[in-house]
Amino acid sequence: MSRFVQDLSKAMSQDGASQFQEVIRQELELSVKKELEKILITAPSHEFEHTKKDLDGFRKLFHRFLQEKGPSVDWGKIQRPPEDSIQPYEKIKARGLPDNISSVLNKLVVVKLNGGLGTSMGCKGPKSLIGVRNENTFLDLTVQQIEHLNKTYNTDVPLVLMNSFNTDEDTKKILQKYSHCRVKIYTFNQSTRKLILKKNYFFLRYPRINKESLLPVAKDVSYSGENTEAWYPPGHGDIYSSFYNSGLLNTFIGEGKEYIFVSNIDNLGATVDLYILNHLMNPPNGKPCEFVMEVTNKTRADVKGGTLTQYEGKLRLVEIAQVPKAHVDEFKSVSKFKIFNTNNLWISLAAVKRLQEQNAIDMEIIVNPKTLDGGLNVIQLETAVGAAIKSFENSLGINVPRSRFLPVKTTSDLLLVMSNLYSLNAGSLTMSEKREFPTVPLVKLGSSFTKVQDYLRRFESIPDMLELDHLTVSGDVTFGKNVSLKGTVIIIANHGDRIDIPPGAVLENKIVSGNLRILDH
């Protein structure tokens with residue numbers, strides 16, 4: 001009889017579910033340890049040590065995952081945050097700006113999370129290099145924004161990109177084009193380790209695990225061919241340790257910088273806000289705030305977004321994955337939990353240094369399910385930068401306008417930001433004054449539009465959308481030049497059919513279906 005069967009029989013004979021679960025957990029940890037050891041022995045000698053450290057780090061994360069499996073919050077302890085812990089943006093803005101705004105700006109560092117690829121939109125390489133407006137990429141717009149600040153206020157606000165092993169090489173190649181811009185650009189990598197003797201950088205990567213067996217998918221350390229999908233960068237929660245280990249944290253503190261503004265590079269609404277910065281640098285009660293999370297009001301499209309709560313006397317970010325199943329509907333309630341995290345964060349550099357040196361930053365594990373190209377269901381274990389809010393002192397939420405949350409995750413989002421709904425000025429997008437409603441239309445483009453290349457091919461020009469409320473497009477549909485969409489427009493081409501919207505067409509509160517083909521004469 002195997003040791004596993006003996007332990008299993010013992011656990012069952014004692015009629016203890018918890019003991020049974022502990023036996024399973026121990027066996028699983030042992031199996032994962034053996035698989036990781038098999039992977040480790042395939043590492044070249046010059047990569048052995050850093051690979052061992054990465055796999056040891058994954059083992060610790062996996063151990064926590066097994067210990068915490070299931071909801072990681074006690075629902076009974078969740079409370080609404082005190083009123084003064086989430087301030088309305090209007091109150092922050094009403095304080096105005098000081099005469100010395102330049103000196104305030106000079107204490108800021110802008111950090112963009114740049115670890116993601118454009119694969120979900122059918123693009124190769126870093127997502128930040130996808131063209132989003134007038135052939136400008138996410139990175140172009142970011143550089144333009146900060147350069148405009150530096151020129152306007154005669155300041156030196158640097159831009160820092162946190163790359164991953166997926167994006168670092170391509171990003172560094174493109175940075176040469178900004179050498180004449182008035183922006184100092186730095187990069188560091190998610191959990192980079194530098195081997196001084198070889199002057200070589202290695203990037204942290206963790207193995208994805210099979211959703212059913214919970215064992216690593218990777219069979220060796222290679223990152224090519226089929227094995228490419230076996231590895232992932234473990235989320236942006238390691239920004240604190242990575243930033244500290246890169247040496248940039250101490251460098252910026254030495255230069256007199258006090259705060260970082262962290263945001264996703266694909267959130268085109270995440271620009272430097274002078275009013276929030278002034279609130280941090282000149283707190284009204286004289287008590288420094290170490291962490292600000294920008295939140296905004298939920299709509300029905302945001303019900304799964306993480307929300308700020310009061311938990312055990314501190315502000316805490318609660319994600320839907322942490323919520324017990326019996327309370328998921330309550331969590332998704334727009335009336336009870338009215339705000340969600342935009343992932344626009346303002347964080348004290350001195351506080352990051354203190355907490356990092358005390359090893360006191362605590363973040364929950366996020367279980368992120370994925371499906372590989374071959375159809376295998378896997379999960380990757382991640383941590384999120386915003387979850388650390390509970391570790392900082394005097395944290396604050398600011399309820400900002402929806403305009404500060406303009407992420408581009410799909411081609412449906414891309415259509416919005418490329419349209420005349422927005423005007424572009426110095427890298428910043430603002431809602432057109434010609435739009436009568438402050439809300440953004442709901443746009444749902446079908447699978448024929450998923451890839452950027454296909455999406456661009458289907459629009460001869462981007463339609464006029466100033467008066468649009470809702471657009472749904474499904475099937476083989478193309479748009480001619482100068483099309484205007486108003487009200488609610490639904491266009492459905494059934495399988496085998498094709499719909500060509502003719503040039504100059506005006507569709508207002510229309511449903512178009514069937515087959516409409518325009519052929520050259």
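Any Cβ shown, glycine's included, is placed from N, Cα and C.
Other Cβ atoms within 10 Å of the Cβ of G235 (UTP binding site), summed over all protein chains shown, number 23. Per TrEMBL, the feature UTP binding site maps to K127, Q190, G235, D266, K409.
Per TrEMBL, substrate binding site is recorded for H236. Long-range neighbours of H236 (substrate binding site) (same chain, six or more residues apart, CB within less than 8 Å of its CB): L113, G115, M162, Q190, T383, A384, V385.
Cβ contacts within 10 Å of D266 (UTP binding site), excluding its own Cβ and spanning all protein chains shown: 22. Around the Cβ of K409 (UTP binding site), a 10 Å sphere holds 14 further Cβ atoms from the protein chains shown.
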